[in-house]
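S.K.: Following this message is one structure expressed as structure tokens.
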Amino acid sequence: MSGLLYALLIIPMIGIFFILSFDSYNFNITSNNSNSGSFSEAGAGKNSGGELLKVLVINNELNFYKKIAFITTIMNLIVSLIIYILFDFSTNQFQFVQDALELSVYNIYLGVDGLSIYFVLLTTIIMPIALISNWNSITHNIKAYLIIILLLETLLLAVFLVLDVLLFYIFFESILPPLFILIGLFGSSNKVRASFYIFLYTLLGSLFLLLSILTMSSLIGTTYLDVLSKSNFEYTTQIFLFLGVFIAFAVKTPTVFLNSWLLKAHVESPLGGSIVLAGIVLKLSLYGIFRLILPLLPKISLNYTSIIFSIGIITIIYASFSTLRTIDIKELIAYSSVSHAAVYLIGVFSNIIQGIEGGILLGLGHGFVSSGLFICAGGVLYDRSGTRIISYYRGTAQVMPLFSILFFILCLGNCGAPLTLNFVGEFMSLYGTFERLPLLGLFSSSSMIFSAAYTIYMYNRIAFGGSFSKFFEENIGDVTKREFFLLFTLIIFTIMFGIYPSFILDGLHYNVTSLLFGV
């Protein structure tokens, strides 16, 4: 079983290799067929037949590539489930530790613990969903799209598996070029502007993270997490290190005044890109806090809690009011993501066990719910109407009853309604906030009111609002089997873990306790 972590990173690369290899092979076949009869009239007939064969082969290739990519992501999901089954949650040590590669005197180590395993599972669950979401809507450069998705899966998993902070930074930043290309190639009308926004914002923010990592390396002499976690930096040094790390993660979360890139990226990104962004990429900052701030810089994270809480509260209020005024459904969901990200940011900085565990649960729940909402908005509604303007939708409950039910359940999850994973995560996050700073906890709880307000307002205008919209005058049909499968899968995870959160909490408790108290 020592090669399971290798497999998580290698399987997507094998999928990319097969996509590229089969393309070259089929191209040679069609080229030979088209050139075989070019010297006679009979050959001309063969040539036209060869062209027809080429078209048929190309059409079959596209579906074949999609199947290869989908099977690849499913194989990775199976491997991650095997790792979860074999994982020992009674220890806080990294498990399945492997020396993946040796470069001169530098070794690359992989490992997984009770915190990272849930992010690995989230990644392997979301990636096949992101792949299927654009199964029919993307009709050009399909190979490039599939390769980007598989490459993103490898890079995201590498972030959660590496045991070296410098490698964490390298893979953390390596995600940007594929996202840049994904939005630039497959985005909407302002895709170039959006791709540059996401690249520049996150790259400039991460430069501060690099400076902090290099400072740690010069002071301690290593960048391995296990060694750094046993270090004790001076208080003044911790201040400067914290500023560098927090700025990078504040951009990635994102917090107030640093969220412009996320809104443009979500609105202009293809559906699969929005799902990856909301479901996984936004969780990189949450994971980074557990690796670089709480264990390495405990004094600052404890003493500056009120400042971080204030930033989170301002972000919640700003994002919520912005959500209430927007008319674009994808932009509304993006603002909602900013608000929920601020809540789990507050929870993990509460330095209370319940608050930290709640922040993780809310991050996981948000990954499921936001992905489902983006499928509803950018997949079901946009594919049928060609618009994202909320005022153009009304009365979908009359013509799309099954969709309206699924959409309503996801909206309940976004509100943090009981029996959903988001409710458990938000409740525990706010509990940790109240335990730490009751007054700021009171302001933080406004997120539950605001989220209910803008989510119900959105659903009411789309599902009801009088007679159905002109976009639905013809019989457009309810959700397809593919759309139902995607939405139902995400709903199952949201409700199952909402009813029985101990499935996650039991595995988290020992590692979170060790994180806080160094046991």
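Each position is counted from 1, following the chain as shown.
Every residue gets a Cβ built from N, Cα and C, even glycine.
Sharing the record's features from Swiss-Prot:
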TRANSMEM  2-22  transmembrane segment
TRANSMEM  68-88  transmembrane segment
TRANSMEM  112-132  transmembrane segment
TRANSMEM  146-166  transmembrane segment
TRANSMEM  167-187  transmembrane segment
TRANSMEM  196-216  transmembrane segment
TRANSMEM  239-259  transmembrane segment
TRANSMEM  304-324  transmembrane segment
TRANSMEM  333-353  transmembrane segment
TRANSMEM  360-380  transmembrane segment
TRANSMEM  399-419  transmembrane segment
TRANSMEM  484-504  transmembrane segment
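Each of these features: where is it, how hidden is it, and who are its neighbours?
M.R.: Sequence-distant neighbours of the transmembrane segment (68-88) (same chain, 6+ residues past either end, Cβ-Cβ under 8 Å): 1, 4-5, 7-8, 11-12, 14-15, 18-19, 22, 95-96, 112, 114, 117, 120-121, 123-125, 127-128, 131-132, 146, 149-150, 153, 157, 507.
Outside the transmembrane segment (146-166), and at least 6 residues removed from its termini, the chain residues within Cβ reach (under 8 Å) are 5, 8-9, 12-13, 15-16, 19-20, 65-66, 68-69, 72-73, 76, 94, 97, 108-112, 116, 119-120, 123-124, 127, 130-131, 172, 174-175, 178-179, 181-182, 213, 216-217, 223-226, 228, 272, 276, 280-281, 284, 287, 291-292.
Within its own chain, the transmembrane segment (167-187) is flanked in space by residues 108, 134, 138, 141, 144-145, 148, 151-152, 155-156, 158-159, 194-196, 198-199, 202-203, 206, 209-210, 213, 223, 265, 268-270, 272-273, 276-277, 281, 284, 288, 291-292, which lie at least six positions past its ends and keep a Cβ under 8 Å from the stretch.
Using a Cβ-Cβ cut-off under 8 Å and counting only residues 6 or more beyond its ends in the same chain, the transmembrane segment (196-216) has close neighbours at 165-166, 169, 172-173, 176, 179-180, 183, 223, 228, 231, 233, 237, 240-241, 243-245, 247-252, 258, 260-262, 264-265, 292, 296.
Residues 115, 118, 122, 126, 129-130, 133, 137, 266, 270-271, 274-275, 278-280, 282-283, 286, 329-330, 333, 336-337, 340-341, 343-344, 347-348, 388, 400, 403, 406-407, 410-411, 413-414, 420-422, 424-426, 428-429, 479, 483, 486-487, 490-491, 493-494, 497-498, 501, 504-505, 508, 512 of the same chain lie 6+ residues outside the transmembrane segment (360-380) yet bring a C-beta within less than 8 angstroms of a C-beta in it.
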S.K.: For the transmembrane segment (112-132), which recorded stretch in the set 2-22, 239-259, 304-324, 333-353, 399-419 gives the largest number of Cβ pairs separated by under 8 Å?
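M.R.: Most contacts with the transmembrane segment (112-132): 2-22.
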S.K.: Given a Cβ distance threshold of under 8 angstroms, which distant residues of the chain, six or more beyond its ends, lie next to the transmembrane segment (484-504)?
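M.R.: Those are 118, 125, 129, 132-133, 360-361, 364-365, 368-369, 371-372, 375-376, 379, 402, 406, 409-410, 413, 418-424, in sequence order.
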S.K.: Let me spell it out: take the transmembrane segment (304-324), skip the flanking residues so only those 6+ beyond its ends count, and list any with a Cβ under 8 Å from a Cβ in it.
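M.R.: Apart from its flanks, the transmembrane segment (304-324) reaches 242, 246, 250, 255-256, 259, 332, 335-336, 338-339, 341-343, 345-346, 349-351, 433, 436-437, 440, 443-444, 446-447, 450-451, 453-454, 457.
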